[in-house]
Amino acid sequence: MAAAKHFTYVILGGGVAAGYAAREFAKQGVKPGELAIISKESVAPYERPALSKGYLFPQNAARLPGFHTCVGSGGERLLPEWYSEKGIELILSTEIVKADLASKTLTSSADATFTYDTLLIATGSSVIKLTDFGVQGAEANDILYLRDIEDADKLVAAMQAKKDGKAVIVGGGYIGLELSAALKTNNFDVTMVYPEPWCMPRLFTSGLAAFYEGYYANKGIHIIKGTVAVGFDADANGDVTAVKLKNGNVLEADIVIVGVGGRPLTHLFKGQVAEEKGGIKTDAFFETSVPGVYAIADVAAFPMKLYNEIRRVEHVDHARKSAEQAVKAIKAKEAGESVPEYDYLPYFYSRSFDLSWQFYGDNVGEDVLFGDNDPTAAKPKFGSYWIKDGKVVGVFLEGGSAEENQVIAKVARAQPPVADVEALKKEGLDFAAKV
């Protein structure tokens, strides 16, 4: 076996967080040969949200190298050449199958070994597949998932092969809503199926969801709620032809896209680090219970200062910010200095069709819907406040300008008191503007 390759710093994972961590290391003056990124993917880190949005456009679709990190936040695009110039080693198409934190050694599926002084775990999440639950027929062709660029390429190929066909989207969350819009824009006949009483149940109230379901229905998307896919039919070639639902219905399908959630990829570290909330427990600097080992983005269960509790956040904004925080903390520690604790304000957003919403804060407590949430409105603009213990703790806004979105973020952070809920409903966005 070849000798282990040693690096001062290793980032394990090649997603959004890896790209932002590499940029921060470069800013902090990392020396050539000190840093490596080890990734299962075959390309340099890229902005993952593009896969469910621009990548699927019928015209002028986004393609690499156009959306390598860090363009998603208005930063420099880090092409593979950038890593070479900085002396950062990109070790791609490499799957790590064993991590021994005691000996600071990583082993790949090809039996290559890598050692490090400091490790950043940025392994992200894997998609939950219907085959994991033994759903009958779930291994048929053109039952697709979306997590990485390889998945996106399979989806694009299927869309071209099954042009103007029937698409069934299983799941009513982020991926379900964004991909239903993408497939409809590509002239597919689209049906969404999900078990919950409304879409995006982890964030949306029934009032918010009613707008999006109405809007999608007006676009010709069929929505079937309160049931799940229990089986699939395929033709002699193994291509999917139908989706069988628990309620007895059978839907014709040329393509099925499944978006039923993800699981943080922490299995390599089981029994070696403290865990919480399904992730790897860290402090406010993203250091784990093992000194010199950090966990960022999807896998980190970190102290959310604003709400005084440990949380895990699966979102690109947190992936970027946690990566930067961890690298700053690593370099500060080496210099005998300190950095402020991570103080994250939860943020989610989505764009589909002509719609664009943003949410900041916490969606707990009483919700107060404001504005016009008529799905037939030419330019819909509405939102919701969440009130807990007499204070605004979360704000959602559809159709906001950049300035208005900044205002709602400020409100979610400031948590102003609310004396009169009815007055708040009438004031709507004006309340936020006064904070």
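The backbone N, Cα and C atoms fix where each Cβ goes, and this holds for glycine too.
Copied over from Swiss-Prot:
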type	residues	note
BINDING	Gly14, Gly15, Val16, Ala17, Glu41, Arg48, Lys53, Ile96, Arg147, Asp148, Asp298, Val316, Tyr349	FAD binding site
BINDING	Gly172, Gly173, Tyr174, Ile175, Gly176, Leu177, Glu178, Glu196, Arg202, Gly261, Glu314, His315, Tyr349	NAD(+) binding site
BINDING	Tyr174, Ile175, Gly176, Leu177, Glu178, Arg202, Gly261, Glu314, His315, Tyr349	NADP(+) binding site
BINDING	Arg320, Arg351	L-ascorbate binding site
### Chain-internal residues near Arg147 (FAD binding site), provided their CB is under 8 angstroms and they sit 6+ positions away
Ser125, Ser126, Val127, Gly262
### Message
Give me the long-range Cβ neighbours of Gly261 (NADP(+) binding site): same chain, 6+ apart, Cβ under 8 Å, in sequence order.
### Response
Val127, Ile128, Gly171, Gly173
### Message
Counting only residues 6+ away in sequence within the same chain, which have a CB under 8 Å from the CB of Glu178 (NAD(+) binding site)?
### Response
Ser52, Lys53, Ser350, Arg351, Ser352
#### Entry: Those residues of the chain, 6+ apart, with a Cβ under 8 Å from that of Gly14 (FAD binding site)
Ile37, Ile38, Ser39, Lys40, Glu41, Val43, Ala44, Pro45, Leu90, Leu92, Ala122
### Summary
Among Gly172, Gly173, Tyr174, Ile175, Gly176, Leu177, Glu178, Glu196, Arg202, Gly261, Glu314, His315, Tyr349, the record's NAD(+)-binding residues, the widest C-alpha separation in angstrom comes to 22
### Message
Taking 10 A as the limit, how many CB atoms besides its own sit near the CB of Gly176 (NAD(+) binding site)?
### Response
23
### Task
Compare the C-alpha of Arg320 (L-ascorbate binding site) with the C-alpha of each of the binding-site residues Val16, Gly176, Arg202, Asp298, Tyr349, and give the closest one.
Val16
### Query
To the nearest whole angstrom, what is the C-alpha distance linking Val16 (FAD binding site) and His315 (NADP(+) binding site)?
10
### Summary
Densest Cβ environment (other Cβ within 10 Å) across the binding-site residues Arg202, His315, Arg320 belongs to Arg320
### Summary
One residue among the binding-site residues Tyr174, Tyr349 has the fewest other C-beta atoms within 10 A of its C-beta, namely Tyr349
### Message
Max CA to CA distance in Å over the FAD-binding set Gly14, Gly15, Val16, Ala17, Glu41, Arg48, Lys53, Ile96, Arg147, Asp148, Asp298, Val316, Tyr349?
### Response
32
### Task
Compute the C-alpha separation of Tyr174 (NAD(+) binding site) from Tyr349 (FAD binding site), stating it in Å without decimals.
9
### Query
If you draw a 10 Å sphere on the Cβ of Arg351 (L-ascorbate binding site), how many other Cβ atoms land inside?
15
## Note on the structure
Filtered by Cβ under 8 Å and at least 6 apart in sequence, the residues in the chain of Gly172 (NAD(+) binding site) near it are Met192, Val193, Tyr194, Glu196, Trp198, Cys199, Met200, Pro201, Lys225
